[in-house]
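Database features (Swiss-Prot):
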- 36-67: compositional bias 'Acidic residues' (COMPBIAS)
- 430-469: repeat 'WD 1' (REPEAT)
- 473-513: repeat 'WD 2' (REPEAT)
- 562-604: repeat 'WD 3' (REPEAT)
- 606-645: repeat 'WD 4' (REPEAT)
- 648-687: repeat 'WD 5' (REPEAT)
- 747-777: repeat 'WD 7' (REPEAT)
Amino acid sequence: MAPTAPAKKRKQSAEVTELSDDEIIDGLLDGALSQSEDDSDFVASGDEDEEDEDEDEDEDKDEDDEHDDKQDIGDLQDLSLNDLDDDAQSKELAKDGANGGSGDGPEADDEDRPNYRVVEDANGGIRYVYDEINPVYDSDDSDKEEDNRIGDIPLSFYEAYPHVGYTIDGKKLMRPSERRQALDSLLDSIEIPKGWTGLTDPTTGKPLNLSQDELELLKRVQMNEIPEEGYDPYPDTVEYFTGIEEKMPLSAAPEPKRRFIPSKHEAKRVMKLVRAIREGRIQPYKSKEEREKEEEGKEEKYYDVWQDEQPRDPHVMHIPAPKLAPPGYDMSYNPPPEYLPTKAEREEWEKMDPEDREKEYLPQKFDALRKVPGYETFVKERFERCLDLYLAPRVRKNRLNIDPASLLPKLPRPEELKPFPTVCQAIFRGHEGRVRSSAIDPTGLWLATGGDDGYVRIWLINPARQVWAVKLSSDEAVNAVRWRPTKDTMILAAAAGEEIFLMVPPDIDPEVEQTSRAVLDAGFGHAAGGADKQTTDGKAPAAKWARPGARLEDEGVLVKVTVRSPVKVISWHRRGDHFCTVSPSGQRSSVAVHTLSKHLSQIPFRKLSGLAQVAHFHPSRPLFFVATQRTIRCYDLQRLELVKVVQPGARWISSFDIHPGGDNLIVGSYDRRLLWHDLDLSTRPYKTMRFHPQAIRAVKYHRGGLPLFADASDDGSLQIFHGKVVSDLMENATIVPLKSLKGHRVVDSLGVMDVDWHPSEPWCISAGADGTCRLWM
């Protein structure tokens, strides 16, 4: 289609004069490379005058071109002004534009017919509205589907509308008919068209077909051919480097002198800038705020009032004024509720005489700081302070200058208190789940452990290896294991749920094994003779003694004692004939004492003030200690009376142990405190130590004469202490923290569950929630 006349007119106004190559070089690029080192490479040093003449000629040409351009622009402006001034012509154009063409009639050619309409814009001027292009059938885009131009908006927004989006011109894209889609899908299933994929275009809702190019691409990929047509996967290599050595340079011309001397043109421009800076024509940039600040500084002058002041020493009797006390919580505009007075307190304060009031104000509460009113008595308070400073005499109080370090006790260095455990020597692995209890036998050769898997395992301490294991329960965990404290027998007591098992490991000395079995079997004859006597009162026995069964007897478990509630703690008497058990959930029967030689169980307390946690026998006297959640009670077993109540001050006692001397004990609590008690000194703790960020699970004294004790915490560490106790009642115990042993992992907020000492060496065993036991040396 040929362009119309108005289009030609616009094209003429927008045409730019074509320039030849010489004009481009001389005119457009003039100055781009002037005064540079690259142009000076091709110009001789003696031809500078000729270069200046050429530059003048180029400038004249540029001025002529600019003059011609300005003339053309002026003609266009005159033409547009004449068109706007001709009102009759504009109205006629608007009328013809509204009719859709010129006034030549149907005989006018399509080439001369304008492709626009003239309408009035919002300001009353002329606006040209061009008709939409109507491409012919042969056009490339005539068969192209209109794209949906809604962008990233989900199509779910258009589910309630008959259209699915808009074209680039803002026209609605109507949703295809469902009946037609069903018919098309039926026809496509009968005869598959070319490019059919079975998918639907989410933007238009129409079937998504492949083009011919895409089909060709898929065919090439299927035939294992190169997808892109005309691509050569093996192009000829270009030998950038050859094996021929070029000894001579391509150009041996010497470097010109101008490469090594400063440029004269740049020197001229630099000197021009230097002169401008010296004359003050070029000033550094300063912001508006800086300029205003300089102007204010010029107008105002400041003087030092104390310039001539001479420093003087303060008077001998000068006492500085006391400082005001800092404000408290009651002076806050939003104090805590406990600081606010009640209605009765407010009335009482108002009735009091102002001189009798403790405070001159009552605490008040406001929602925001902006709502706080002015302080009524502010001026009065400041006036009274001035009177106090001016009238009240001042007294200087001398403070004692004492070094705080001198108040601390002088403790020995940890290096001087060796031996004590410092490193992990061996790791005992075998339990599944937590290892809840561990114990070393009186000979110091064997280690017994019990865990959540229901197994009791016997280990050889050095070297670390397992020698025997027995499964006591499939449902309950083994909460406690303790050896009988005699060297002539090897009897181990273990608690799993409500059952207590007494066993003799088979892999020991045959004589010791025979003696141990005889001690356990002796009680069955005594129990058979006194069975009727124990049940004549009609009450149920405290515990039931029986054989555990053929399977357990073959493995070395000889006696099973069943109590009323799950057992958590087992503690032996020093002679080995009695042991006590603690069941925290047992209420009245939480503490029970068992006699091994008679197979007899007794409940010593009818009622306990609190839940029992731990119980121990005194190492040398007939005393029995029972710890509840907050107190430790000491009972005399001969006189059957309460002797002493120890008050550690802890919130929840987890464990305690008695010193071999019998006059001191240590207490561990779940509130992260380790407390040392001197029973001869007071019922209150002598020392309170906080070295763990988590709860303390177990504490233990060394039984072999070494002044050592340890605690185990849920933070996965053990703390080793030196605790020296002397027989002199005038001297207190010396407690020194020695070493923090870390090695266990914290699992489910549980770290080290139990700790025990070697009977003769400075070694300790720790049982952890990570399923391992560690030997520390």
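For all residues, glycine too, the Cβ spot is worked out from N, Cα and C.
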Tally of residues which DSSP labels helix, strand or coil - the repeat 'WD 4' (606-645): 0 helix, 19 strand, 21 coil
Tertiary contacts of the repeat 'WD 1' (430-469), defined by C-beta under 8 angstroms and 6+ residue spacing from its ends, are 475-483, 485-487, 490, 492, 494, 496, 501, 503, 505-508, 556, 747, 750, 753-761, 765-773, 775
Cβ pairs under 8 Å between the repeat 'WD 3' (562-604) and the repeat 'WD 2' (473-513), at least three: yes
Need one number: mean pLDDT over the repeat 'WD 7' (747-777). 94
